[in-house]
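Chemist: From TrEMBL, for reference:
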type	residues	note
ACT_SITE	Arg172	active site
ACT_SITE	Ser222	active site, proton donor
ACT_SITE	Glu292	active site
DOMAIN	27-193	domain 'FAD-binding PCMH-type'
Amino acid sequence: MFESLRQTGFCGEIEAEAALAPLTTWRIGGPAELLASPADEDDLARALAWADGEGVPWRVLGNGSNLLVSDQGVRGLVLRIRRVLDQLEFDGTTARAGAGLSFPALANACASRGLAGLEFAGGIPGTVGGAVIMNAGWHEHEFGNRVTEVRWLDAGGTVHSFNRKECRFGYRTSRFRSDRGVVVAATIQLEEGESGRIRSQTDMFVDSRKTNQPTHLPSCGSVFLKPPGDFAGRLIDACGLKGRRVGDIQVSPMHANFFVNLGRGSADNVLELVAEVERQVRDQFGVDLVREFEYWGGEEPSVRGDQVPDLLDE
């Protein structure tokens with residue numbers, strides 16, 4: 001498999017049986033059968049066309065947040081785009097950012113230029129691609145409201161462009177959650193503002209995350225989406241589950257919607273604890289919590305892959 005990908009002209013790095021745990025924010029998971037880091041967008045298109053033609057299951061790895069990798073690892077091809085598709089260009093109040101660019105890095109660059117509109121992104125550690133897919137946000141702020149165009153590669157390696165309406169942004173979703181392809185770039189409309197005020201607001205979002213979330217321990221970010229009219233963390237806390245532990249995975253005593261890895265946690269530990277929390281919340285409040293993280297199981301390949309950021313529990 002290694003050799004046939006090279007024969008397409010793919011010039012990025014390729015590694016067989018590559019460890020995925022260090023590349024995820026939960027620090028959990030087995031190896032990827034094949035891990036490839038495209039050199040650029042053309043390289044990514046070659047890899048997608050190759051995988052599509054060969055019938056090889058593929059996934060996209062961004063920041064590795066909001067992701068749980070099976071202890072057995074994953075079959076097929078994992079495409080790592082962080083620090084590859086990370087270009088950033090400005091034209092007045094418009095920014096064009098690559099999908100592999102860090103979302104906080106985008107926020108900081110905008111603040112430095114006195115451009116307002118993405119201050120909230122300073123507190124969401126993920127990639128621009130993931131922020132597009134999940135319509136990342138915090139309270140009334142949503143990335144989709146700033147995105148004017150998305151550049152997207154389909155599974156055959158063909159480029160498409162979608163305007164904001166065509167992206168079908170909704171609460172923590174977009175068309176790209178189910179479409180078979182990869183977000184490669186986004187165009188963002190910003191506003192002129194006072195640099196010091198923008199920087200102050202950006203820092204406020206970062207400080208809020210550090211104060212309210214267990215950023216000192218590995219986690220995927222928020223485990224569950226916000227249920228209508230309530231908060232997942234509040235419901236879990238009300239069930240008395242803060243501090244509940246399975247193996248080395250624990251419901252954080254600091255924030256109940258964060259499950260932290262205390263050192264040697266496994267995917268099986270996570271799934272067992274998640275199932276227990278879901279059951280208790282359902283039994284006590286009649287609420288079915290919806291998982292925010294994506295699971296990469298060894299026998300259930302995802303053609304879309306994961307570029308998903310860890311979002312703040314609202």
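Keep in mind that glycine also has a Cβ here, set from the backbone N, Cα and C atoms.
Automatic prediction, not curation, is the source of TrEMBL annotations.
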Chemist: Can you tell me the CA-to-CA distance separating Glu292 (active site) and Ser222 (active site, proton donor), as a whole number of Å?
Modeler: 7
Chemist: Do you know which of the active-site residues Arg172, Ser222, Glu292 has the most other C-beta atoms within 10 angstroms of its C-beta?
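Modeler: The residue with the most neighbouring Cβ atoms within 10 Å is Ser222.
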Chemist: Tell me, roughly as an integer, the mean pLDDT over the domain 'FAD-binding PCMH-type' (27-193).
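Modeler: It averages 94.
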Chemist: Using DSSP and three states only, what is Glu292 (active site)?
Modeler: coil
Chemist: Could you measure between Ser222 (active site, proton donor) and Arg172 (active site) for me? Cα positions, answer in whole angstrom.
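Modeler: Pair distance, Cα basis, whole Å: 12 Å.
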Chemist: So, three-state DSSP: helix, strand or coil for Ser222 (active site, proton donor)?
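Modeler: Looking at the DSSP assignment, Ser222 (active site, proton donor) belongs to neither helix nor strand, so coil.
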Chemist: Helix, strand or coil by DSSP: which one applies to Arg172 (active site)?
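Modeler: In three-state terms, Arg172 (active site) counts as coil.
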